[in-house]
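Undergrad: Submitted below is the structure of interest, expressed as structure tokens.
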Amino acid sequence: MGNWVVNEGISIFVILVWLGMNVFLFVWYYRVYDIPDKFFYTRKLLGSALALARAPAACLNFNCMLILLPVCRNLLSFLRGSSACCSTRIRRQLDRNLTFHKMVAWMIALHTAIHTIAHLFNVEWCVNARVNNSDPYSIALSDIGDKPNETYLNFVRQRIKNPEGGLYVAVTLLAGITGVVITLCLILIITSSTKTIRRSYFEVFWYTHHLFVIFFIGLAIHGAQRIVRGQTAESLLKHQPRNCYQNISQWGKIKDCPIPEFSGNPPMTWKWIVGPMFLYLCERLVRFWRSQQKVVITKVVTHPFKTIELQMKKKGFKMEVGQYIFVKCPVVSKLEWHPFTLTSAPEEDFFSIHIRIVGDWTEGLFKACGCDKQEFQDAWKLPKIAVDGPFGTASEDVFSYEVVMLVGAGIGVTPFASILKSVWYKYCNKAPNLRLKKIYFYWLCRDTHAFEWFADLLQLLETQMQEKNNTDFLSYNICLTGWDESQASHFAMHHDEEKDVITGLKQKTLYGRPNWDNEFKTIGSQHPNTRIGVFLCGPEALADTLNKQCISNSDSGPRGVHFIFNKENF
């Protein structure tokens, strides 16, 4: 239990508080509409569907208030910077912003479904009551408002049978129109957010996600028409529904039961979302301001297997290890921004990214930079680009530990280029505050040739460490997870050579996936009574594996070895 608390305690606490707030709001507002006399006649008309529609609406307000906050990248970077004095456990919660964003989105989808279904029943019953296709009591309540000086309870005022009556409500009432629009927006946003769409059709994901603007506008005005109505406070003093509801034929004829008066609930949603919407507007203004700042591409390097490196400079640009930026190239697309991990170190006088050419946008950038041509390209011919960032990630905490495990899978190796470079600069310059003493680096890939630029970096570090007589500082393992029989024979023939046949490094490439249980046990035994940071940039399946290993191999007491799991999310 103690092992689990070390890694997941605060995260679970945050989730439980969030779930608790959802349960509290649902129960509270269910009782608000299910018990008080104010909605006595509304319940007689709509039944339990009234409370079942309003309770999830309150939860929707709460979650729509939260949904924008995890994607305010500049706000999160500010909080991460201002919380530098806090423990890494606190800062790690900011690195799970996208996970929380997705959880809130699914909660919105759940409450939207409940809210919509309940209101479909409400509309059906209201329409039926207006066309005398209901019980006499509901018909009588629905007729209130037809005479002068009466206020209505049933928001359906036209006498049109279903299903035409329901469609009429959907296309004429503000709540119906906005409800249809925001539900369609939500469906499109969620269905285009699957992993397959994001990876293969990023443009679809990008553009449909911007339907959130329509979603929030529709949400803010959804209740402006006040169709959910209850008895007014003044009317309740004159007309007590529990005493008068059985004498509906005598309403207005006897003193104690005058015709009840009704009014709609004032819209509340805008009060929940105006704050986050203002923060997000500020976020977008900051992004726009940054995008207008001049960025100079100082060098474009073409690496094997369609990978390019962009080295850039921007006035006032300051970065930390493992951070990422968003890049826009107007020549390729005037609206699209794409995230890339910085591969340069803070100590260098430029910042760089490595881009694998795998889609339409990257292919367009590849051609715009002249990388498809053999001849040298002049700098003035390079395209203009805009940069937003940098933004913080879990990797910033790498210097908070004495021992770290860095695990990169495929292109997920890029954040660690920045870390390894920076560590080496600090080591060579004998940085007095360098706490980090040992790095265990794991690189899992199906084809190392696709990332030869990183193998070149490792070769450089290997050579420099030998010159400094400190080969024990960095222990690295390159694991090739994909090969065929001919490659296996070739590897076997050259196994006894001094340098690895694939990477040219002295450390030989391993074939297959690491035995993580053995790796964690070995590292834990070599560093007792140590907090070991585990940093991953890779797929969710590997994240689950490493997270479980961190929990199972951490000691339960306050002393002993503790593996602290961190994952890149951007």
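Glycine residues also receive a Cβ, built from the backbone N, Cα and C atoms like all the rest.
This is the feature table in Swiss-Prot:
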type: TOPO_DOM; residues: 2-9; note: topological domain 'Cytoplasmic'
type: TOPO_DOM; residues: 37-46; note: topological domain 'Extracellular'
type: DOMAIN; residues: 54-286; note: domain 'Ferric oxidoreductase'
type: TOPO_DOM; residues: 73-95; note: topological domain 'Cytoplasmic'
type: TOPO_DOM; residues: 131-163; note: topological domain 'Extracellular'
type: CROSSLNK; residues: LYS161; note: ubiquitin cross-link
type: TOPO_DOM; residues: 195-203; note: topological domain 'Cytoplasmic'
type: BINDING; residues: ARG199, SER200, TRP337, HIS338, PRO339, THR341, HIS354, ARG356, TRP361, THR362; note: FAD binding site
type: TOPO_DOM; residues: 223-267; note: topological domain 'Extracellular'
type: CROSSLNK; residues: LYS255; note: ubiquitin cross-link
type: TOPO_DOM; residues: 286-570; note: topological domain 'Cytoplasmic'
type: DOMAIN; residues: 287-397; note: domain 'FAD-binding FR-type'
type: CROSSLNK; residues: LYS294; note: ubiquitin cross-link
type: CROSSLNK; residues: LYS299; note: ubiquitin cross-link
type: CROSSLNK; residues: LYS306; note: ubiquitin cross-link
type: CROSSLNK; residues: LYS328; note: ubiquitin cross-link
type: CROSSLNK; residues: LYS334; note: ubiquitin cross-link
type: CROSSLNK; residues: LYS381; note: ubiquitin cross-link
type: CROSSLNK; residues: LYS506; note: ubiquitin cross-link
type: CROSSLNK; residues: LYS567; note: ubiquitin cross-link
Undergrad: To the nearest whole angstrom, state the Cα distance for the pair LYS328 (ubiquitin cross-link) and PRO339 (FAD binding site).
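TA: So the alpha carbons of LYS328 (ubiquitin cross-link) and PRO339 (FAD binding site) sit roughly 9 Å from each other.
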Undergrad: Do you know which of the recorded positions LYS161, ARG199, LYS294, HIS354 has the most other C-beta atoms within 10 angstroms of its C-beta?
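TA: Neighbour-count leader: HIS354.
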Undergrad: At a 10 Å cut-off from the C-beta of TRP361 (FAD binding site), count the other C-beta atoms across all protein chains.
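TA: I count 21 other Cβ atoms within 10 Å of it.
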Undergrad: Summarise the topological domain 'Extracellular' (131-163) as counts of helix, strand and coil residues per DSSP.
TA: 8 helix, 0 strand, 25 coil
Undergrad: Using DSSP with the three-state reduction, classify TRP337 (FAD binding site) as helix, strand or coil.
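TA: Assignment for TRP337 (FAD binding site) reads coil.
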Undergrad: Which has the fewest other Cβ atoms within 10 Å: LYS255, LYS299, LYS328, LYS567, the recorded sites listed?
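TA: Looking at the recorded sites LYS255, LYS299, LYS328, LYS567, the Cβ with the fewest others within 10 Å is that of LYS255.
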Undergrad: Quick one: largest C-alpha distance among ARG199, SER200, TRP337, HIS338, PRO339, THR341, HIS354, ARG356, TRP361, THR362, binding FAD per the record, in angstrom?
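TA: Site span for FAD, by Cα atoms: 19 Å.
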Undergrad: Sort the recorded sites LYS255, LYS306, LYS334, LYS381, LYS567 by C-alpha distance from HIS354 (FAD binding site) and give me just the closest.
TA: LYS306
Undergrad: In the domain 'FAD-binding FR-type' (287-397), how many residues does DSSP call helix, how many strand, and how many coil?
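TA: Counting residues by DSSP class gives 21 helix, 39 strand, 51 coil.
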Undergrad: Find the one among the recorded sites LYS294, LYS299, LYS306, LYS381 whose C-alpha lies closest to that of ARG199 (FAD binding site).
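TA: It is LYS306, whose Cα lies nearest.
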Undergrad: Between TRP361 (FAD binding site) and LYS334 (ubiquitin cross-link), how many Å separate their Cα atoms?
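TA: Rounded to a whole number, the Cα-Cα distance is 11 Å.
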Undergrad: Going by Cα-Cα distance, pick out whichever of the recorded positions LYS161, LYS255, LYS294, TRP337 is nearest to LYS381 (ubiquitin cross-link).
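TA: Going through LYS161, LYS255, LYS294, TRP337 one by one, the Cα closest to that of LYS381 (ubiquitin cross-link) is LYS294.
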Undergrad: Give me the CA-CA distance between LYS161 (ubiquitin cross-link) and LYS567 (ubiquitin cross-link), in Å, as a whole number.
TA: 56
Undergrad: Note the mean pLDDT of the topological domain 'Extracellular' (223-267), expressed as a whole number.
TA: 87
Undergrad: Measure from the CA atom of LYS567 (ubiquitin cross-link) to the CA atom of TRP337 (FAD binding site) and give the result in Å, rounded to a whole number.
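TA: It is 22 Å, counting Cα to Cα.
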Undergrad: In the same chain, who gets a Cβ under 8 Å from the topological domain 'Extracellular' (37-46) while lying at least 6 residues past its ends?
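TA: Same-chain residues near the topological domain 'Extracellular' (37-46) but 6 or more away: 121-122, 125-126, 129, 137-138, 141-142, 153-154, 228-231, 233, 236, 240-242, 245, 260, 262.
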